[in-house]
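Chemist: I am attaching a structure below and will ask some questions about it afterwards.
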């Protein structure tokens with residue numbers, strides 16, 4: 001194991017071997033500013049082209065590659081959508097018989113998501129600083145992404161463990177990685193021109209990221225550093241010996257011990273390290289079955305009650321960017337999302353479906369195989385079962401901070417139900433949404449009351465506080481039997497206050513820095529750091545829209561940093577989904593800010 005330790009001094013280590021030089025990874029010159037966005041890297045070779053931010057979707061890229069002379073939009077579709085949004089914001093105000101509200105004006109003048117605008121502004125300021133330093137002869141500062149390590153350490157935070165997320169790479173094979181595990185990493189504390197390595201121990205874990213400390217520093221934190229454990233630069237102890245790489249102690253402590261080999265033998269005896277096949281497992285787990293041009297059925301974001309065909313355009317870390325047929329609109333979701341299905345699913349269960357008029361298929365296009373999709377639990381509908389008109393409580397997909405009074409509008413096959421929010425549903429049923437009977441997003445009547453959650457009553461209902469018994473009598477309806485609901489609670493491992501990366505489901509292309517603020521058996525209350533509580537979302541503990549700290553870095557997805565309260569006062573409705581869904585949300589809750597909803601527990605009383 002220690003054969004790789006050939007020297008304990010920098011002076012006695014020779015220059016890089018041919019094998020070592022092949023291991024070198026070409027780096028982007030420090031003089032080139034970099035912008036990272038959704039896994040793509042844009043560089044500015046002459047420093048003059050500059051960056052542009054699409055005023056519609058928030059895409060950051062090279063200005064010369066943007067659409068039209070004004071360079072305001074990244075594509076024709078974004079330009080058209082921007083124009084459409086401005087018109088709809090004005091129409092909404094006129095329908096209410098009043099001038100546009102403050103928010104409507106924001107939608108007209110600033111359709112770009114506030115999160116992305118703030119981040120783009122931060123990146124732009126970094127670019128300007130780099131150019132200024134470059135002119136002054138100083139080394140430019142690279143445009144940095146959000147620093148999870150600094151955020152966690154400065155606030156003494158805890159990241160949810162990878163084992164909480166079974167759908168992510170390594171989620172089911174993370175093993176017993178914990179504090180104290182040793183690894184071999186590059187030695188950055190050296191003056192040598194060649195790559196040398198040293199052993200470090202895990203001081204703290206947060207998702208995929210670990211705070212590492214070089215062996216020999218003991219309690220000295222000066223050289224501690226954060227690293228993603230799934231990157232190729234992390235190796236199990238013994239890798240250097242088997243690969244012929246030199247182990248060299250950091251120069252700061254080079255003279256601390258006279259016999260470093262004996263020190264390592266003593267220190268590492270009985271210590272744990274990574275499994276020898278760890279890197280191979282990471283590589284295997286980073287392969288995803290969905291491929292570009294696969295056809296799927298996915299919820300129509302302009303009409304929640306139906307599905308339509310979409311093509312896989314991009315796959316990042318298991319997240320799919322889907323583009324609807326006959327449209328340039330896209331939709332982001334995870335490959336295990338309950339919103340996507342195999343072609344033919346809608347017909348098989350009796351769900352509404354928007355037929356496509358596309359007659360000619362694109363070369364390479366194929367239907368995604370049925371086994372690739374998430375499976376739902378089989379249910380027996382032959383006995384007592386859900387019936388049309390039954391009342392229940394459900395998370396509103398258009399306002400995920402709210403659990404609302406709802407009604408079963410249609411019973412479909414295979415355990416699927418069409419649900420509507422009482423008091424605000426469209427006359428044509430276009431805002432009905434589909435939940436499976438085992439979904440953790442539907443609850444029996446009385447769920448919120450028993451568990452101290454604020455239930456959102458039907459819009460316009462004046463007999464407050466809301467009481468289910470009175471409401472059922474007034475509406476001549478019955479509540480769905482409690483025994484029909486899913487009461488399984490997995491040992492998920494989440495704890496209140498844990499940090500993670502979570503999808504903003506009101507704009508599902510965004511993955512944000514977030515916190516678990518409430519745990520209600522299997523239900524989690526997710527708070528987006530820097531935003532008001534009214535934007536919190538109720539999410540199931542097994543939701544594929546939750547990720548551990550470091551997932552974005554590992555997969556190349558863009559992470560949205562916490563919002564700065566002093567800079568961002570308003571989070572506008574998603575411009576990507578400004579259509580029927582926004583109109584429905586407007587009808588239910590109005591343009592003005594919604595009141596924050598509480599949170600709570602499950603079928604039995606549980607302390608918050």
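Yeah, the Cβs are placed from backbone N, Cα and C, and that goes for glycine too.
OK, TrEMBL features for this one:
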{"type": "REGION", "residues": "1-30", "note": "region 'Disordered'"}
{"type": "COMPBIAS", "residues": "1-18", "note": "compositional bias 'Low complexity'"}
{"type": "DOMAIN", "residues": "45-80", "note": "domain 'FCS-type'"}
{"type": "REPEAT", "residues": "146-250", "note": "repeat 'MBT'"}
{"type": "REPEAT", "residues": "258-341", "note": "repeat 'MBT'"}
{"type": "REPEAT", "residues": "343-458", "note": "repeat 'MBT'"}
{"type": "REPEAT", "residues": "466-562", "note": "repeat 'MBT'"}
Chemist: Quick one: average pLDDT across the repeat 'MBT' (146-250), no decimals.
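Modeler: 94, rounded to a whole number.
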Chemist: Across the repeat 'MBT' (466-562), what are the DSSP residue counts per state (helix, strand, coil)?
Modeler: 18 helix, 31 strand, 48 coil
Chemist: With DSSP helix as H/G/I and strand as E/B, how many residues of the repeat 'MBT' (258-341) fall in helix, strand and coil?
Modeler: 17 helix, 35 strand, 32 coil
